[in-house]
Amino acid sequence: QEPISTYFEEKVPIPEDDMTKAAGGPSVLSRTHSPAQSRSGSQISDPAAVERNVMNSLLFSFRKLWAFTGPGFLMSIAYLDPGNIESDLQSGARAGFKLLWVLLGATIIGLLLQRLAARLGVVTGMHLAEVCNRHYPTVPRIILWLMVELAIIGSDMQEVIGCAIALNLLSVGRIPLWAGVLITIIDTFVFLFLDKYGLRKLEAFFGFLITIMALSFGYEYVRVAPDQAEVLKGMFVPYCSGCGPTQLEQAVGIVGAVIMPHNIYLHSALVKSRDINRANKKEVKEANKYYFIESSIALFISFLINVFVVAVFAEAFYGKTNMEVSLQCNETGSAHSELFPANNETLEVDIYKGGVVLGCFFGPAALYIWAIGILAAGQSSTMTGTYSGQFVMEGFLNLRWSRFARVLLTRSIAIFPTLLVAVFQDVQHLTGMNDFLNVLQSMQLPFALIPILTFTSLTSLMNDFANGLVWKIGGGLLILVVCAINMYFVVVYVTALNSTVLYVFSALLSIAYLSFVCYLVWRCLIALGVSRLDFRGSVQYPPTVLMDEQPEFDS
């Protein structure tokens, strides 16, 4: 079967071990310490040579880690998109530092799930959408594709909204929201073709955008100077004193914002960009190790950036009222003071109001630097979101379109509804869409987590790298908890609609939704080893072979 071009044509080579490629095969260090040589009286290399070889070995490890660095950082951008930033600032404004431990826990859970995605891509040479295409029947496969596309569209809309708001803030309102949406379309097309200049250059560009976010939100952190003891307490003490329904909903929102369904599909595809011999068990094992280290570093950096945002709004605006903010904005001559009604209700903020209140309390520089950080978050996320759409569409439907056509379709699906809202509504309605979009993505989460656990548990697919008993049980419980938390978020949102018609529609939709989730769970349990559920022997998972590569491993 012809290979499907789901990622860049270029593959990054992995450096060889300088010690093992020396003439004669074995490393100099192993020859130095060979017992046979010692018994025969052979001359042993001097200690300086041994030390040099040890240092070369350590240097080689860092070189290899550097070669694998890239996919994890692209994946981590989903943890820094405008939806996450808005969740962070609302967490700080509503609960102070008390929910930082939830953010930490959600990030760790995300890392474990991303590990499964990376392992699937490395071991099989296929990403999750391709594996779903080969193992699910036609109708479930099409439904699964539509659900994942909905998640990507929802995420993409949030990212475009973030870019449009950032441009509006930077231009002091001169660039209307609809124009900001159009600018985002154009520059995304430009940036998406940067990989023509080399994959590593494109990854470096994403690294540059992450650096901009770190510097922008880091500046706000230093400027506000939150209480470090409170930051650490909120991060490591899993307790929320005096919290009520508002803080509970915010905690659920944090989990939903951090763990995104399309990111599982994205990461399983990104790892295919390294030149790994899948027929060599040692290379596959080594790739899994370095990808996990790289993902850990990337998500640690994204966690720190999220902490910056939570801490800034927790320190400066937790417990503030609209009246206090309105008076401060009037004193500083802000043009946005009308955003805050003159009442004593608790301040409600989003990424637009967040920039405004920072400008009112800490000067115009804080507002513009905030906008720059939001622009970097939105722009990088729109690019990775477009790649996710390409991978999912090609993998599920086995399409072979030109690159331009794929990008055009993926972007248009997400841009069109966002543009309509930007043209006919104001910034308040645009940011108000985020709640609906978060619910939309929460509902799609099972359609990524259940398949990834299913396929990484199959010995016929993963060989020696299939999930063990601990991962099967632990992963299943982890996914169950995450999905339950997100379903709670959906229920809270639906019950607040106060419409009988919407209640009936939601009930009918829930029946179809839960039926499909149960079908995926049924197949997952069979893959986990509960074979008695396969009543008619209709569920089979044959070994999957990609092109001409055999899933056999050297000892």
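Cβ atoms here come from the backbone N, Cα and C positions, even for glycine.
Residues annotated as region 'Disordered' in TrEMBL: 1-45. According to TrEMBL, the feature compositional bias 'Basic and acidic residues' maps to 8-20. The compositional bias 'Polar residues' annotation in TrEMBL covers 29-45. Residues or ranges marked as transmembrane segment by TrEMBL: 100-122, 175-193, 205-222, 251-270, 291-314, 356-377, 408-425, 445-465, 477-496, 502-522.
Only pairs six or more apart in sequence are counted, and the transmembrane segment (100-122) with the transmembrane segment (356-377) gives fewer than three Cβ pairs under 8 Å, not enough to call it a contact. Residues 140, 143-144, 443, 446-447, 450-451, 454, 494, 533 of the same chain, all 6+ positions outside the transmembrane segment (502-522), place their C-beta atoms under 8 angstroms from a C-beta of that stretch.
When Cβ-Cβ distances below 8 Å are used as the criterion, the transmembrane segment (445-465) is approached by residues 113, 116-117, 119-120, 123-124, 128, 131-132, 135, 144, 147-148, 151, 256, 259-265, 268, 281, 284-285, 288, 471-472, 475-476, 479, 482-483, 486, 517, 520-521, 523-524, 527-529, 541-544, 551, 553 of the same chain, each at least six residues removed from its ends. Scored by C-beta pairs under 8 angstroms, the transmembrane segment (408-425) has its highest count with 175-193, from the stretches 175-193, 205-222, 291-314, 356-377. Within its own chain, the transmembrane segment (356-377) is flanked in space by residues 77, 80-82, 84-85, 159, 162-163, 165-167, 169-170, 209-210, 212-213, 216-217, 219-220, 223-224, 312, 316-317, 325, 328-329, 332, 334, 336-337, 339, 347, 349, which lie at least six positions past its ends and keep a Cβ under 8 Å from the stretch.
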